[in-house]
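Q: Sharing a structure, written as structure tokens. Questions coming.
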């Protein structure tokens, strides 16, 4: 007697799965954040040093630096920046999908320390004399973008300009405006270069008693906007040195992604084919549970807001291998039980039960390795570990319980009773009890 | 294909000394290779900079050198070509490039080929820290695995499993030393995956040994013990081969079609899979038999316990 209802339930589940997966899979896949190795962008590891030698780097300065960096990144309009503190004095900045990498790099690293100096590099006014949030973008007579900053005290600027006029004669009566002046920088050297390090060096012909200063630095509009924003978001309390950087051109990243995804599809396709040929009907069930596995992993990863990197894709494909293994272990066990002369029904039950502890031990040990990787690894290795952990847990769900449920429906329908060939076992191999 | 019938019964344990010798020779050769040839460490582990260039047409090494010189007098220490028709190049520099230099190089190649190159730099201390962290991770993972296996099985299983996984990880290093493929961070991820896979594979056979021992009444002689191991290995053989085949499909597809960025990763996976299958079929269980037998003999002869240090495996 064949219980058709169970076979009906099987097809219902398959159709429901198909109806769930097909329309949503593309959305899910596109919703996953891609690492910078897949969509281009860059990653910089900064070492943080105190701007003053006497100051120490505390947790608070680190936090302050991170939030200052965050503000700057917002200026760039990067959608999902990732700025994290690593260890005691390092900050990792990951910006995926940045179009203008070079501007971004400059913008991030600048201390935003504006200073006004004479031609002999003596500081006349510093960033501390500026009004907070007083920077804005304007245009001069020739419609060239300029950055306007506001001073706290107009008299102070008047005195400075007056001093310069008194101390220097033409053409040295200049007020040199520097961004991030460093010990050893010299106006006389820089002025001869094609692209000097200071922003501008306007001549002062009469004392200026007003609060607003225009900085004309041959800016492009975007540059001027960035500078104004950076000055407004405040100077960094620290000095940043790049200790590691990794920039991926967008097209290189895209190339890598397309190839990897293509390779992944081919790999998974081969696995499906092999399972179908070798395990026949059980292989078909395995393919269904594997498809569900891939879908669930993507959904979970999306939900966790994980960042998919190249090693992550590799971990996903490897996870398919592990999920297949769980199926293979179970099926081999079921086949053995059939060969030993058990009925299909009891062979299925015994095979499922006995394979469970094997799968459990094998998965837990791999999980252990993945956990250590996650804990000790850095960015891309961590991405790999997260994907591996998600994969192992999901594969356990789909390959053990999913496959068993689906296969169980057929076995319990009794349609395969006395038909061991469906499971890839020949009648002649079955030993008599 | 059916490996479980009696006429196909393979005597894995009988030839154990040959396998031990093979692995020992391999290890010695490996040590010599690693100490002479060494590994081709990527900039993840050695300080320096790497510029990856993508062009529309075929590149030549001379062309890349010329373009670097034109970009601002840069002299790469090494240039290698890659890609389907050599349209990619990686240039490595021993020193780290500064921010301005990176900008200059990126602008030059962007204007030249219309694609912004990828640039990565690592300062010496960061590279060394990465290598150190990776090594510590492996040690901690091994320790965790040995503890877990000792609890779930027995100490000897754990030790045999760790020896075979160390064998697999070492084998990957040796092959990478021979091929002089670049060792980078994804490579470390691959080695750790193999550590996980190898242990997975070994546990499946050990699980069967444990189960078969439970059903065996008489375990008096070495032959009894080795029969149980042979039986278990034969029973799990189909599974071992099928599983490794499916994972090899995935790894091989990644290696052949997956592009430059993960080539080193997928090659390490492939080699590790092969080594892992070898070690779980020919090494791990055999080591376990030898150690287990010594322990059984010792338990029989005298009730007093010896220090485990004196239990040298007969390799």
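Any Cβ shown, glycine's included, is placed from N, Cα and C.
When I checked TrEMBL for this same protein, it listed these features:
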DOMAIN    B:114-292  domain 'Protein export membrane protein SecD/SecF C-terminal'
TRANSMEM  B:20-43  transmembrane segment
TRANSMEM  B:130-149  transmembrane segment
TRANSMEM  B:156-179  transmembrane segment
TRANSMEM  B:185-206  transmembrane segment
TRANSMEM  B:241-259  transmembrane segment
TRANSMEM  B:265-291  transmembrane segment
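Looking at the shown structure, what environment does each listed feature sit in?
A: Residues 49-50, 92, 120-122, 127, 167, 170-171, 173-174, 176-178, 180-184, 187, 264, 279, 283, 286-287, 315 of the same chain sit 6 or more residues outside the transmembrane segment (B:20-43) yet have a Cβ under 8 Å from a Cβ within it.
Within its own chain, the transmembrane segment (B:130-149) is flanked in space by residues 44-45, 157-159, 161-162, 165-166, 169, 185, 188, 191-192, 195, 199, 203, 206, which lie at least six positions past its ends and keep a Cβ under 8 Å from the stretch.
Beyond the transmembrane segment (B:185-206), the same-chain residues lying 6 or more positions past its ends with a Cβ under 8 Å from any Cβ of the stretch are 42, 44, 130, 134, 137-138, 141-142, 145, 149, 153, 157, 160-161, 164-165, 168-169, 172-173, 176, 232-233, 236, 239-240, 243-244, 247, 261-262, 264-266, 268-269, 272-273, 275-277, 279-281, 284-285, 288.
Same-chain residues lying 6 or more positions outside the transmembrane segment (B:241-259) and placing a CB less than 8 Å from one of its CB atoms are 3, 197, 201, 265-267, 269-270, 273-274, 276-277.
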